[in-house]
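S.K.: Once you've had a glance at the structure underneath, I'll fire off some questions.
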Amino acid sequence: MDSWDHFLLIILAAIAAFIPRYLPMLFFSKREIPEWFNEWMKYVPVSLFTALVVKSLFITTAGYHFAPFAHVNQLIAAVIVIVITYMTRSMALSVILGLVAVFVITMVM
Amino acid sequence: MTLIADSFIGGTFLKREEPNWLMVLKIAMPLCLSYIPIGLACGILLHAAGFNFLLTLLVSIVVFSGGAQFLIASLLTINAPIISIVVTLFFLELRYALLGSSLSRYLKGQSQHFIWLFSVSLNDENYAVNYLKFATDKTWTPKQALMVEHYSLLSWSVANLIGSLIGSALTIDLEIVDFALTALFLYMIVMQIRNRMTLLISLLSGVLAVAFMVWTKSTLGLVLSTLVASFIGFLVEAKIRKGKGRLSDHWLFGKVRGPAVTRKTIEDKKSTES
């Protein structure tokens, strides 16, 4: 692929990224949102974030297999992040100490 | 506006108000900082996939999604055709339909132009920050939320650009850097678990995510598990509400000892008032 193909890819990717972000937001910001929909959406963030974490910890990127012990270093670091968040409630501390933890654990193991 | 300093002058307190842009920047700062390592890594990876620095800058602005850009880079290195990259990407980005819908109730009455601007610069992490702010801070405005998005977009694209420029000189362990995102999401989960019900829905979503991703062999599994888990949460809550009336009486909605217990959210206040 040359640069023009890459440019075309970026334009198509931008469209693919734009549609799911824009249309639902446009739709719901102009209408009265039904109560049940709000109640449903209350559980969306926590469900989605858990799914994303599970994907990076337990699913292989090549082939989407379940690999519970493929990233033991990240698993230990994840527990550390949870404890730090619980104790400090600080986003910066959680992320930075999490990165330090995964780096150190990977070096040691 | 919050007060940062009370200076004691001449026997009276003079309250110095912090400018809005600085206050929002302070809120967005942890996010902007956590973008730097990931953005650098993403720039390096895109450079390795054959993007020049202008294309890397462009993709970081118009797509603005770590997951999507990592996906583009890894699919380009295995010479996947454009159309299959775009289709995979579309399924990965479908989750924003859910995020957008869940934020839209805070954006009522905004102009068309604002909605457009807000949705193009929406992504997982700034959504998480804004959702938390909207849910816990009554004074948080859509304008400030948009500002958070723009700060994060700026730090993300600058980090991408620098990564692309130093790309040829450096090799890094991507797996470690990618963990910054995981840590950020873990933080968001812990901060949002307020009762046993949220905890159970979170666990359920995790189990479903594995099942659906292994089944669909794609990130569509993320969307499916989110839809199903949150819908089950909604159904259970509606059923309890019907039978008992007061949610807080049910054991499922008993408080979990967590960081959020010490902090009242708008939803908590509503439930105690009614």
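Count begins at 1; order follows the chain as displayed.
Every residue, even glycine, has its Cβ placed from backbone N, Cα and C.
From a predicted model like this one, the values you see are computed outputs, not experimental measurements.
Sharing the features that TrEMBL gives for it:
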TRANSMEM  B:21-38  transmembrane segment
TRANSMEM  B:44-64  transmembrane segment
TRANSMEM  B:71-92  transmembrane segment
TRANSMEM  B:161-190  transmembrane segment
TRANSMEM  B:197-215  transmembrane segment
TRANSMEM  B:221-238  transmembrane segment
S.K.: For the transmembrane segment (B:71-92), what are the same-chain contacts with Cβ under 8 Å, counting residues 6+ beyond its ends?
M.R.: 42, 45-46, 48-51, 59, 63, 65, 218-220, 222-223
S.K.: Does the transmembrane segment (B:21-38) reach the transmembrane segment (B:161-190) with at least 3 CB pairs under 8 A, where each pair is 6 or more residues apart?
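M.R.: Judged by the Cβ rule, the two regions touch, with the required three close pairs present.
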S.K.: Mind checking which residues reach the transmembrane segment (B:221-238)? Cβ under 8 Å, same chain, six or more beyond either end.
M.R.: 91-92, 94-95, 98, 197-198, 201-202, 204-205, 208-209, 211-215, 247, 252
